[in-house]
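Visitor: Before I ask anything, let me first share the structure, which is written out below as structure tokens.
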């Protein structure tokens, strides 16, 4: 009897010991899983940070070099090439990049209802409006440099933030915060301060014509941007490359019409690529890739990247212009660009509230 009791006690204790061992092993396995997950999470975060850094660097370089390349492409104060053909080539390159992106998607995912190019008249008929607006805005972008230098252009280009914000309120019925309205006032003050001229009888460096062109460009850019966003969000499942393709196709059509109206004789007598240089080619590549970079920011980064790129681009454009074009980096320009950078940041912060 004694022996049987002892044996029964041993049998009762063995599972308990085994259970403790199993629980201990489970705890260790769980700890190892947490460590592995932590390592994997760190790797993912590192990959995101690397991708975000690359996008930020690319957008900053493209934004800062855009105005510099346009000014640099001039010879003796004028464009020896046709600006309409250059604009046409920009739209053509962007269209080709969209098709290349779609081809990659078709190979990996197949052709679906949302990524195929075939469409209906009701869907495609809305694209001529933003395409026409972008045509006028992009052509004005070349002619404004008769009245403003590259750093001044980078400053005045931020006026499209105001037009975009107001049009968001009117067209898309989006409410603007008090911080954003304050940012608009600061932006106007910063643009004006940066253009102050103490070495001349004129109060502002940029003449009236330059300011008017900058305002018109801001309105066109803002309206086109808001209208395009409304089109894209109308069918959110539609692949963005398909929507871009049709926008760029109409851009090519309108630019072809502009060539026929404005530069037909020059193109027929001198050739389509007459006056093109390596700087002109780089400028076209810059304009095309800038659109791709903005799309990458929307997908892989955030609005802070755009703010950072805009602020750094203003400074880089000014510094490079000092060496290339003899730009005078005045105290007024430095203070004005600082105020503009702060206003852009506040506008971005106002969106996040």
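Each residue, glycine too, has its Cβ placed from N, Cα and C.
TrEMBL entries are annotated by machine, without manual review.
Annotated transmembrane segment per TrEMBL: 54-73, 179-196, 208-232, 244-261, 273-295, 307-325, in sequence order.
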Visitor: Determine which residues of the chain contact the transmembrane segment (273-295) at the Cβ level, with the cut-off under 8 Å and only residues 6 or more beyond its ends counted.
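Guide: Tertiary neighbours of the transmembrane segment (273-295) are 55, 58-59, 62-63, 65-66, 69-70, 72-73, 75, 79-82, 85-86, 89-90, 93-94, 97, 138, 240, 244, 266-267, 306.
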Visitor: Let me spell it out: take the transmembrane segment (244-261), skip the flanking residues so only those 6+ beyond its ends count, and list any with a Cβ under 8 Å from a Cβ in it.
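Guide: Answer is 82, 84-85, 87-88, 91-92, 94-95, 98-99, 102, 117, 119, 124, 127-128, 130-132, 134-135, 139, 228, 267, 291, 295.
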